[in-house]
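Peer 1: Once you've had a glance at the structure underneath, I'll fire off some questions.
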Amino acid sequence: MAAPLALVLVVAVTVRAALFRSSLAEFISERVEVVSPLSSWKRVVEGLSLLDLGVSPYSGAVFHETPLIIYLFHFLIDYAELVFMITDVLTAVALYFAIQDFNKVVFKKQKLLLELDQYAPDVAELIRTPMEMRYIPLKVALFYLLNPYTVLSCVAKSTCAINNTLIAFFILTTIKGSAFLSAIFLALATYQSLYPLTLFVPGLLYLLQRQYIPVKVKSKAFWIFSWEYAMMYVGSLVVIICLSFFLLSSWDFIPAVYGFMEHPIFFMFIQMAIISIFKSYPTVGDVALYMAFFPVWNHLYRFLRNIFVLTCIIIVCSLLFPVLWHLWIYAGSANSNFFYAITLTFNVGQILLISDYFYAFLRREYYLTHGLYLTAKDGTEAMLVLK
């Protein structure tokens, strides 16, 4: 699988490099769908200029990036394009190895449940095979690197890409079972944006499963491990924030920057989608991260009810974003309600899509234990209704 992954990486980097050298780069960097006041490269450049002049970037209400980011680009400003391409590559590679390990865990668990006769006898067609799961990690990397949303975010040099990298490494280290590194990367992601804090619970649940510790309130091991993980997470976050203070000798950055029990990885996927939908100033880069996980759940496709309609809604909305923005801002033939309506439609489409995946997941889990072909008491075919 190394050769196909390398080919995908080369194609992805080539596409980004070509766009960076094209006249579209400046246009993309101005798009409100791609960057926000919280992730705009222009704001980073402004912050660097103020820092060079000896003025705190946080003295006004313009700059919202974290101190570590501004000091990172203070040394790498001339290589910014390369930095953003590398972050995308690192994200894809981290997701590739994370899903590769996750598939091994899923297959072992499935094999154990089959040996224990925990599945209904007529669900053979729902059982996942190694051949079916073999190319999923490559598809995840492909979905992330060649997703137009990811490409646009990279070309616009949106700092959302850096946050995606931190979350990807949090997922990788969690699946690998490293509580210490998992806590560090989650702390870094939370430092960048408060929203990843909600990933603490699914990360903890997965690590508990890796340690074979039961999730029970009365279990001493459960509380000890939860406390250790929480302390590592909080400790890492405190160290990062204190480091930021020593870089700036000020706490001004704080107000400016931060204005499923048995299936924690699916829980994490749903949580990332919820974050991207409901966070302040979302961009397409936020959407790209959770969309990269769609191949992981390809076994749910048969249970999705509205996938074609919802896919069309998301594609059409993506195409209408620049059109309605142009009509509102430049042509003057439309008002802000037009753009608001299309962003609302886009988010509704995402909510319905994630709801569909949630329904499909629960439906498959029910069939696995109760059988694929359900019958009512009178012998007729039964209909499954989830309430």
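Each residue, glycine too, has its Cβ placed from N, Cα and C.
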Peer 1: Select from 130-152, 337-359 the stretch of residues annotated by TrEMBL as transmembrane segment.
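Peer 2: Among 130-152, 337-359, the range TrEMBL annotates as transmembrane segment is 337-359.
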Peer 1: Per TrEMBL, which of 263-282, 283-302 is transmembrane segment?
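Peer 2: Feature transmembrane segment in TrEMBL: residues 263-282.
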